[in-house]
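What TrEMBL records for this protein:
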- 66-296: domain 'Radical SAM core' (DOMAIN)
- CYS80, CYS84, CYS87: [4Fe-4S] cluster binding site (BINDING)
Amino acid sequence: MSVEPVVSSRSPFRTYDARLEPIAEKVFAGERLSFDDGLTLYGSSDVLAVGWLANHVRERMHGDVTYFNVNRHINPTNVCVAACRLCAFGRKKGDPSGYTMALEEAWETAASGYSEAVTEFHIVGGLHPDLPLEYFLDLVSGLKVRFPKVHIKAFTMVEVAFLARRAKLTIEETLLKLREAGVDSMPGGGAEIFATRVRSFICDHKIDGDEWLNTARLAHKMGFRSNATMLYGHIENNEDRVDHLLRLRNVQDETGGFQTFIPLAFHPENTPMDHLPVTTGLTDIRQIAVSRLLLDNFAHIKAYWQMLTPKIAQIALRFGADDLDGTVIEEKIYHDAGAKTPQGMTRKELCRLITEAGRVPMERDTLYHAVTRTEDSFVVAV
Ligand code: V47
């Protein structure tokens, strides 16, 4: 590898990895990066140059603006038929540490734990063998009655497909019922890694990669927006990561329905893969940067602070990320898997992270409309 710095004539971009130079030229020209470019970005030892390019794209798209939201996570049940090797949250039916919220309890949870009005409920849970679709419809419609202004981002593509199968409905019929009940959009979970070799080991009972993508495609065509995730840092390799990102990019070309991409670092504690090490800071930062560079048709890359830690998430704001996610209030999935991050953060704490990264905080709702607020209410600019 050359140790001479390569200096582009068109920018202050510098790298000691000459393989990045043609990629930089494409980035400056707004050209799409290829599968091989993705592998080069993952393989380059010049992580700062990769990050510089991602930051360039991030600033071209968003300037200094950095988004966050005031949200609350609700996990109605941890009982799950899937028993994924990646997961520390799910419990088999009958396990004494399994729980399922009564509807009243879920509605009370929604209102608890935070003094400022939330703009979003983020609802995901286990694939419960017995809870009927009606439970979830009642849960959502009850929330809408009690909190009519709050956006409901609920149920991953995996949950939607599972509920459809249990109710003997098509995915489309299920999505229509969820929409009628009050679901506004969908979170990005359950995508994991699409490549069959990996997926069949880490989550063999879930829908496969194509089914996840087809469910998202259908939801987008029905007018729902959703997010997308990728779980990295377990048994996947760089080819699997690039494949995952480009398959998302292809669906996004077709539908435009994805809002945000969220790379999720695998937390091994209390999972059947607890022999694996946790990801390192540079792996996390590089993942943010490569995501920003390959997903040219995604508006937002989220550095989910609960998963990355607030410190790494803050640094990610200089490596391609433009969103930190939210106040969250109570997080179960990562904390069951050993996360040491706080359960929630205040608006003030999120704004401090963003401001000290030299960025400009902007509170958003789920659909990225600006939010202004008084002490106990909020207004969404549409
Ligand atoms: O799908 C489960 C992941 C996801 C582990 O859309 C794990 O705004 C690491 O999707 N280690 C659920 N990850 C969370 C999720 C999410 C989070 C924040 C924002 C949004 C959004 C979506 O958590 C699962 C799975 O990929 N997960 N277990 C674990 N041990």
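The chain as shown is numbered from 1 upward.
Glycine residues also receive a Cβ, built from the backbone N, Cα and C atoms like all the rest.
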Among CYS80, CYS84, CYS87, the binding-site residues whose C-beta sits under 6 Å from ligand 1: CYS87
Cβ-centroid neighbours of [4Fe-4S] cluster site CYS80, CYS84, CYS87, 8 Å, sequence order: ALA82, ALA83, LEU86, PHE89, GLY90, GLY126, LEU127, CYS203
For CYS87 ([4Fe-4S] cluster binding site), the number of other Cβ atoms found within 10 Å of its own Cβ: 25
Long-range Cβ environment of CYS84 ([4Fe-4S] cluster binding site), under 8 Å and at least 6 residues apart: GLY90, ILE202, CYS203, ASP204, HIS205, LYS206
For CYS80 ([4Fe-4S] cluster binding site): intrachain residues, at least 6 apart, with Cβ closer than 8 Å: CYS87, PHE89, GLY90, ARG91, LYS92, GLY125, GLY126, LEU127, HIS128
Three-class DSSP secondary structure - CYS80 ([4Fe-4S] cluster binding site): coil
